[in-house]
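Novice: Next up is a structure, given as structure tokens.
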Amino acid sequence: MAQPAQTVGAVVVLAAGQGTRMRSRTPKVLHPLGGRSMLGHVLAAAEPLAAAATVVVVGSGRDQVEAHLAGIAPHARTVVQEQQNGSGHAAALALDTLAELSGPVLIVNGDAPLLRASTVQALVDAHLGAGDVLTVLTATVPDPTGLGRIVRDAEGRVTAIVEERDATPEQRAITEVNAGVYLGDGPAVRAALTRVGAANDQGEQYLTDVLGLLVGDGAQVGGHRAADAEDTLGCNDRRELAARRRTLNDRVVDDLMRSGVTVVDPATTWVDVTVEVGQDAVLHPGVQLLGATVVAAGAEVGPDSTLTDTEVGEGARVVRTHAELAVVGPEVSVGPFAYLRPGTRLARGAKVGTFVETKNAVVGEGSKIPHLSYVGDATIGEGTNIGAATVFVNYDGVAKHHTTIGSHARTGADNMFVAPVTVGDGAYTAAGSVITTDVPPGAMGVARATQRNVAGWVGRRRPGTAAAEAAEAATARTSDDAQGTPS
Ligand code: UD1
Ligand code: CA
């Protein structure tokens with residue numbers, strides 16, 4: 001029977017290491033993949049345990065890590081490891097702050113972004129089922145290079161973890177490795193940690209030494225092999241980061257396809273773990289769905305679109321579009337080549353066409369902005385059509401101003417709406433107008449110079465050009481016609 005979730009007393013995440021191999025100014029555990037930081041993925045995997053306390057050991061880049069945690073896991077407490085003396089030292093600092101705690105403690109490396117809640121739960125079940133003092137998550141991998149090896153005795157019992165650099169050639173041949181995820185009795189692990197030395201190749205206090213020490217005490221220690229070795233893969237450099245990102249994406253895209261989403265090209269479709277996509281939605285090649293993006297049933301996105309924190313309604317079509325914090329209503333058509341910036345809200349059946357940029361723009365049901373326009377700080381009613389090449393002139397160099405266009409209006413091509421300005425319901429504006437004052441409902445706003453033709457200008461000022469000759473010939477034909485040439 002599955003154990004109740006709160007059986008784990010505390011979660012300790014080791015995240016103080018420098019991550020030297022990343023060669024980055026950003027602390028390793030903050031590197032993002034699939035919509036969360038590495039640390040965020042680890043915390044998400046442990047979250048269903050509903051542990052009473054979550055402690056993150058921070059050190060390198062601690063200000064950045066702490067600021068990040070305040071945003072993603074405000075319930076987590078941090079413990080500072082001033083000097084990175086090893087994972088054992090880090091774990092000891094955390095456990096020292098958890099003296100009051102009952103129930104086993106989960107200790108997990110901060111650089112295990114593929115770890116899933118189901119794998120953590122399986123470790124908990126194995127630990128409680130066996131009644132071990134400490135259970136380590138292990139995996140059998142084709143290439144164990146760089147990882148701690150799990151040493152078992154003739155009966156298959158785990159006796160030690162040996163780091164690669166300290167391993168004998170025989171131990172190096174072992175392909176069962178330490179995943180860096182441990183579940184143990186808090187007081188017992190804390191006591192063992194006080195005995196961990198630094199007599200190893202790196203001169204660090206290894207958390208992994210606790211295992212051998214407990215075995216030496218005669219305590220019962222276990223190793224639980226993860227059902228899916230992928231879950232246990234760490235991330236130490238940028239090539240591993242790319243590989244983990246790919247694996248994470250494959251999982252997300254596979255899940256989407258299983259749930260009834262068409263993904264035309266999984267290799268070029270990138271979907272964050274935080275995104276939701278409805279049934280029968282279609283994702284075309286080159287689509288990135290990021291952050292809190294939600295794509296409703298039957299919508300189509302792509303090709304080549306990046307949507308961040310954006311809502312796409314049922315049956316909407318979003319083509320070659322870059323969008324952020326936008327709401328695209330049902331049956332809306334966007335693109336190709338549209339840029340929806342924050343605060344864009346497109347109601348049902350609206351259209352934002354080619355080379356159109358919108359920002360803080362509320363567009364009513366069925367209204368259309370089909371071509372080559374900038375719509376910033378605007379409210380547009382229902383059933384309105386905005387002419388091609390329109391600019392909502394919202395910025396006077398100091399402040400932004402708002403433009404309101406009513407319902408069922410027809411604005412001419414190449415208009416400038418110099419905000420603040422209002423065009424009433426059912427109003428029209430003439431092509432080429434610079435609208436600086438309000439247009440009342442039903443009126444035609446005309447704001448352009450009256451045309452004047454200077455007759456014969458080309459013949460006088462550009463004599464001998466092709467234009468002059470063409471004009472002369474055309475004039476001759478017209479006067480022949482006027483004189484009624486006999487047929
Ligand atoms: C560690 C394990 C190794 C295991 C591997 C799995 C040890 C000694 N070795 O090796 O057996 O196979 O993970 O990926 O633990 N950290 C601190 N403070 C420190 C040192 C490390 O907080 O002083 C943190 C790091 O931020 C990291 C974790 O501990 O999240 C593991 O450290 P890392 O240096 O990545 O250990 P590995 O060499 O990968
Ligand atoms: Ca590591």
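Sequential numbering from 1, following the chain as shown.
Cβ atoms here come from the backbone N, Cα and C positions, even for glycine.
Sequence annotations record features per position, and here TrEMBL assigns UDP-N-acetyl-alpha-D-glucosamine binding site to LEU14, ALA15, ALA16, GLY17, LYS28, GLN81, GLY148, GLU163, ASN178, ASN236, ARG341, LYS359, TYR374, ASN385. Summarising the annotation, TrEMBL assigns Mg(2+) binding site to ASP111, ASN236. The compositional bias 'Low complexity' annotation in TrEMBL covers 465-476. Summarising the annotation, TrEMBL assigns domain 'MobA-like NTP transferase' to 11-137. Taken from TrEMBL, the feature region 'Pyrophosphorylase' applies to 1-238. What TrEMBL records for 239-259 is region 'Linker'. Look at TrEMBL and you will find 260-487 tagged as region 'N-acetyltransferase'. According to TrEMBL, the region 'Disordered' annotation covers 460-487.
Describe the structural context of these features.
Specialist: Its Cβ placed at the centre, LEU14 (UDP-N-acetyl-alpha-D-glucosamine binding site) has 29 other Cβ atoms within 10 Å. According to DSSP, LEU14 (UDP-N-acetyl-alpha-D-glucosamine binding site) sits within a strand segment.
Note on ASP111 (Mg(2+) binding site): other Cβ atoms within 10 Å of its Cβ, all shown chains, come to 26.
The helix, strand and coil residue counts that DSSP assigns across the region 'Linker' (239-259) are 20 helix, 0 strand, 1 coil.
Here the region 'Disordered' (460-487) has no long-range neighbours, meaning no same-chain residue at least 6 beyond its ends has a C-beta under 8 angstroms from one of its own.
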Novice: Determine, to the nearest whole angstrom, how far the Cα atom of ARG341 (UDP-N-acetyl-alpha-D-glucosamine binding site) is from the Cα atom of ASN236 (Mg(2+) binding site).
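Specialist: Roughly 35 Å, rounded to the nearest whole number.
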Novice: Of ALA16, LYS28, GLY148, ASN178, TYR374, which binding-site residues come close to ligand 2, meaning Cβ under 6 Å from one of its atoms?
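Specialist: The qualifying binding-site residues: none of them.
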Novice: Which of the three DSSP states, helix, strand or coil, fits GLY148 (UDP-N-acetyl-alpha-D-glucosamine binding site)?
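Specialist: GLY148 (UDP-N-acetyl-alpha-D-glucosamine binding site) sits in coil per DSSP, no helix or strand.
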Novice: Near ligand 1, which of the binding-site residues LEU14, ALA16, ASP111, GLY148, ASN178, ARG341 have CB less than 6 Å from any of its atoms?
Specialist: LEU14, ALA16, ASP111, GLY148, ASN178
Novice: Across the record's UDP-N-acetyl-alpha-D-glucosamine-binding residues LEU14, ALA15, ALA16, GLY17, LYS28, GLN81, GLY148, GLU163, ASN178, ASN236, ARG341, LYS359, TYR374, ASN385, the largest CA-CA distance in angstrom?
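Specialist: Per the listed residues, the maximum Cα distance equals 69 Å.
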Novice: Using Cβ-Cβ distances, find the residues under 8 Å from LYS28 (UDP-N-acetyl-alpha-D-glucosamine binding site) that belong to the same chain and are at least 6 apart in sequence, listing them in sequence order.
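Specialist: Listed in sequence order: GLY17, GLN18, GLY19, MET22, MET38, GLY110, ASP111, CYS235, ASN236.
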Novice: Provide the number of Cβ atoms within 10 Å of the Cβ of ALA16 (UDP-N-acetyl-alpha-D-glucosamine binding site), excluding the reference atom itself.
Specialist: 31
